[in-house]
Every structure is written in structure tokens, then in C-alpha cells.
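> In case it helps, Swiss-Prot gives these features for our protein:
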type	residues	note
BINDING	Trp20, Ser77, Met78, Phe138, Ile139, Ser140, Leu141, Gln142, His220	substrate binding site
ACT_SITE	Ser77	active site, nucleophile
ACT_SITE	Asp192	active site
ACT_SITE	His220	active site
Amino acid sequence: MNIHLDKHGQGMPLVLFHGWGFDNQIWQPIIPYLKPKYQIILVDLPGFGLTPMMDWESFKKNLLDQLPDKFALAGWSMGGLYATRLAIEEPARVQYLINITSSPRFISDIDWPGVAEEVFVNFYNNLSKDINKTLKEFISLQLNKMKFDFKIGNPPSPEGLAFGLEILGTWDFREQLKQITIPTVYLFGRLDPITPVKTMAIMEKNYPNFKYVLFNRAAHMPFLSHTDLFITMMDEFIK
């Protein structure tokens, strides 16, 4: 089973994982800013874009076979869970870990800020009815109505959406995160309703060796709403 990759530019390899409901096309607006310095490798996660459904172990093996020996890895939202798991399990391959409005655990519990699982279920139900309309409304909300021409090339499969929902609801790396010793940064948006800024305060206490960046006027998509700040942060972090 092949994993679909798109490559742009030359330089240090930078692998990008998209979020739930999207595919690697979500990164297209920032590629011109990144490709002068990096070899950008855009990945379609299982069940999204042109990558078929597969379990984690199959995904990891197939992906690592297609990637350079060492690379920086960035994941947005659900993609951050994939990126974190890969960094935990393959520390010799991942040189830098960048988590963009992501969390080691998305669902809230008594001592962890997050979102109620019903939020994702409602989003899933809306996606199942009208994918294009739901994603465009989601983007508009996160960008505070800023214009963004997003074209969905390959809608996610129902299986991909359901599998992603399961990942968001069950994957929990809060304990394993303590194993990570590579340079790691977490980016938060103060207006983000999905990864609340309260998460940042708890993570700063529990994982003091990581770097944390807060985008004061951003919501869940700072790489699109505040691209210049995002690119500056990436260039400062990846040496």
C-alpha cells in the first residue's frame, strides 16, 4: 500500500502531516515560503487524500521507507498525534518535532483541558453530509472570515473520517511524551476552541524541556492566519 507524498523545494527535509478531514493540500498556501530553505514532503494520512486506509504499523513502515534517513516533522491538529507517535517510536529518524495547535490528548478529562468528544462527533456528522461546505465553514471560522481559496481535491473516505475520529478520541501520549529528547515545540492559538490555550500552561509545567509559542490572535490554523509569524518561528526553531 503506497502512501501519497508531494515534494517541493530543496534543503533540509521537512515532513508535514495535515489535520482531520483535510489532506495535504491544506499546506499549499505556505509552500512558497518554505521551499527556498526546505525540501517539503507533504503526506496524505491514511484514509485522506490519495492514501488508502491502513493501520498505524503499516503506515509507519511504508512512510519511513519513502522518507530520508533524518527529517524535521510537523503535524497540525490530528496530524500532531501522528507526528508525536512517530517521534516517540522513531527518535533516530525525527530530528525536530513541531506540533501545531495539537495536543498529546485531545479529549478533556478531569485534569486535562480539551474538547468534549461530542464536538468531534458533530463535526463528523456534518462532514458526512456535506464535506466541502463543512470544511470551508470550519476554515472561515478559524481564519476569522479571512478569505482563503481552499480546493478539496480528494474528499476523505468515510472510513478515514471514522478512523480519524477514533484517533482523536483514544490516542493519549501524555506519559510517553516524557521520553522525547529531540528539540520539540508546541504552537498554540489563544483563540483556538479545539486545543485550548489552557493546555499550554499545563504542558509548560509537565514538559519544561519543550519550547512553547503562543499566537495571540490566532485560532486553530496559525500557519494560514499568521503565515509570516509561523515561517519566522519555523526558521528560528529548525537550525
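Backbone N, Cα and C define each Cβ position, glycine as well.
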> So which one is it: of the binding-site residues Met78, Ile139, which has the fewest other Cβ atoms within 10 Å?
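Output over binding-site residues Met78, Ile139: least Cβ neighbours within 10 Å is Ile139.
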> Applying a 10 Å Cβ distance cut-off over all chains shown, what neighbour count does His220 (substrate binding site) have?
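Excluding its own Cβ, the number within 10 Å is 24.
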> Trp20 (substrate binding site) has how many other Cβ neighbours within 10 Å of its own Cβ?
26
> Just to confirm: which same-chain residues, 6+ apart in sequence, have a Cβ under 8 Å from the Cβ of Ser77 (active site, nucleophile)?
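For Ser77 (active site, nucleophile), the qualifying residues are Gly19, Trp20, Ile100, Thr101, Ser102, Ile194, Thr195, His220.
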> Which ones in the same chain are close to Asp192 (active site), with CB under 8 Å and 6+ residues apart in sequence?
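Within the chain, Asp192 (active site) has Cβ neighbours under 8 Å at Thr101, Ala218, Ala219, His220.
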> Sort His220 (substrate binding site) into helix, strand or coil using the DSSP assignment.
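Its secondary structure by DSSP: coil.
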> Would you identify the secondary structure of Asp192 (active site) according to DSSP, in three states?
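The three-state answer is coil.
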